[in-house]
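Undergrad: Got a structure for you, written out below as structure tokens; questions coming shortly.
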Amino acid sequence: MENRRRIAILCSHICPPEPVPFSGVVSVSVCASADSDKVKGCVFCKIIRGQSPALKLYEDDMCLCILDTNPLSRGHSLIIPKSHFSSLEGTPPSVVGAMCSKVPFISNAIMKATGCDSFNLLVNNGAAAGQVIFHTHIHIIPRKASDCLWASESLRRCPLKLDEETSQLADQVRDQLSKNSKDSPGQESNPVSHIS
């Protein structure tokens, strides 16, 4: 069942219901060079190269924003980097920063155009999280009260248990942050040692 959903979503990105030709100049990028098989077959790289149709909302040197071809709500959009990175952790912080810096500007326009006053910002990172196109992208999903978009919204949340297991998890994450900051120049780590 889950594989069917992923295939349907992937197909909707590849074969939009009413294709609209891509127009405009696209900056040269890794996607534009199409050197590797992964980049050649990537639907987002094809959109960036002008080889696949998309409804473009915004574009700059680093990223592109398009309407999702299989939207969860009216105005559901995707912010896509113009260089191919298959996952969020493989995307340089400067690219993630460039994408995220556009969220207030783009989401404000989407909310006004759709009459919504809220939105979800979502990244499906990895197959288990629902990622079906392995090119980093951010979803902006406009929301209205009582739209019942996520089944999980009706689930009762349990409070965090402040026990030994939770404390060990926090220690493990802090250890990883400390290790990652040593391995990644420019990434600062300010681990804390207790609950504040």
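Yeah, the Cβs are placed from backbone N, Cα and C, and that goes for glycine too.
Please treat TrEMBL annotations as automatic predictions, because they have not gone through curation.
Model, not experiment: these values are computed from the prediction.
Among the features that TrEMBL reports, active site, tele-AMP-histidine intermediate is placed at His137. Here TrEMBL flags 172-182 as compositional bias 'Basic and acidic residues'. According to TrEMBL, the domain 'HIT' annotation covers 43-150. Positions annotated as region 'Disordered' by TrEMBL: 171-196. Look at TrEMBL and you will find 135-139 tagged as motif 'Histidine triad motif'.
So where do these features actually land, and what's packed around them?
TA: The Cβ of His137 (active site, tele-AMP-histidine intermediate) has Phe44, Leu78, Ile79, Ile80, Pro81, Val123 as same-chain neighbours under 8 Å, each 6 or more residues away in sequence.
Sequence-distant contacts of the motif 'Histidine triad motif' (135-139) (same chain, at least 6 residues past either end, Cβ-Cβ under 8 Å): 42-45, 68, 76-81, 84-88, 90-91, 95-96, 99-100, 103, 120-124.
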Undergrad: If you average pLDDT over the motif 'Histidine triad motif' (135-139), what do you get?
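TA: It averages 97.
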